[in-house]
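K.L.:
First, the structure itself, so that you have it in front of you.
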Amino acid sequence: MKKSRIPALLFLIILIGVVIYFRRDIAAVTKNPQLFRDFIKSYGNFAIPIYLLLSSIRSVFLLPAGVFAIASGITFGVFLGSILTCIGVTLSGILAFFISRIAGKSFAVKLFGDKIKTVENKIKNKGALYIAALRMVPIFPFDAISYVSGFSNIKLTSFIFGTFIGSVPGAFVYTYLGSNIVNIHSKQFILSLCLVIIISLIPLLYKYVLKRG
C-alpha cells in the first residue's frame, strides 16, 4: 500500500466508526428535531462539539441540511444556532469534498447522476462566488455541490469560503424557524414558516423560468 493512501484509509476507518456509533441519533433528527435537541443537551458542556460532529457527517447520509438547522435553532436559539449551522454545513461540505476527491468523479455521478456535470465547469471557472450563489439559491442539491467541487479543480479555500458565506441566509431562516417552533401560534413562527416556504419555492420558480425561456 502506498504511504500516501494510509492517512486517507485511517480517516475512512474513523469516519465509519463515528457513523456506526451515532447512526440511530442521526436517523432520529430527520424524524423529530426536538428529540435530537434532548439528545444534544444530554451532553451538557459538550453539546456544541457533539452537534458539530453529527452535523459534519450529515453529508455521508445525504440528510437534509435544513433539518439539522431547525434542530440547531431549537437547541441553541437563532443567533448561536445560525453560527453553528454555518460551521456544521461547512465541515460537512469539506468532508464530502474530500470523499469525492479520493473516490473520484464516477462516485459522485453514481450518487447524483449526470446532472452534476452541468455545474462542474461553472464551479471550475467561477469558483467561490458561484458556490456561494448555489448555496444561497437552492436550485441544485446542497450536498451535490460539495461532491462536484471535490473532483473539480477548485481550491479548498475557495470552496470553504463560498460554502460558509452562501449558507448564511438559509441557516438563519431554518434556525429562526426552529427557535420559534415551540410556539406555532406566534407571529414569529408564521413569519419563519413563510420564509422557509419562499426558499423552498425558489427551485420550482427557477425551473419554470427556464421552461418559459
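Glycine too: its Cβ is placed from the backbone N, Cα and C atoms.
Grabbed the feature section from TrEMBL, which reads as follows:
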type: TRANSMEM; residues: 6-22; note: transmembrane segment
type: TRANSMEM; residues: 43-61; note: transmembrane segment
type: DOMAIN; residues: 63-179; note: domain 'VTT'
type: TRANSMEM; residues: 67-100; note: transmembrane segment
type: TRANSMEM; residues: 156-177; note: transmembrane segment
type: TRANSMEM; residues: 189-209; note: transmembrane segment
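How buried are the listed features, and what sits near them?
P.N.:
Counting only same-chain residues 6+ beyond the ends of the transmembrane segment (67-100), those with a CB under 8 A from a CB of the stretch are 11, 15, 29-30, 33-34, 36-37, 40-41, 47-48, 51-52, 54-60, 107-108, 143, 145-151, 156, 159-160, 163-164, 167-168, 170-172, 174-182.
Sequence-distant contacts of the transmembrane segment (156-177), counting only residues of its own chain at least 6 positions beyond either end whose CB sits under 8 Å from a CB of the stretch, comprise 65-66, 69-70, 72-73, 76-78, 81-82, 85-87, 89-90, 93-94, 97, 127-136, 138, 145-146, 149, 188-189, 192-193, 195-196, 199.
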K.L.:
Using DSSP, what's the helix, strand and coil tally for the domain 'VTT' (63-179)?
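P.N.:
Taking the domain 'VTT' (63-179) as a whole: 102 helix, 0 strand, 15 coil.
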K.L.:
Across the domain 'VTT' (63-179), what is the average pLDDT of the model, as a whole number?
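P.N.:
Within the domain 'VTT' (63-179), the model's average pLDDT equals 87.
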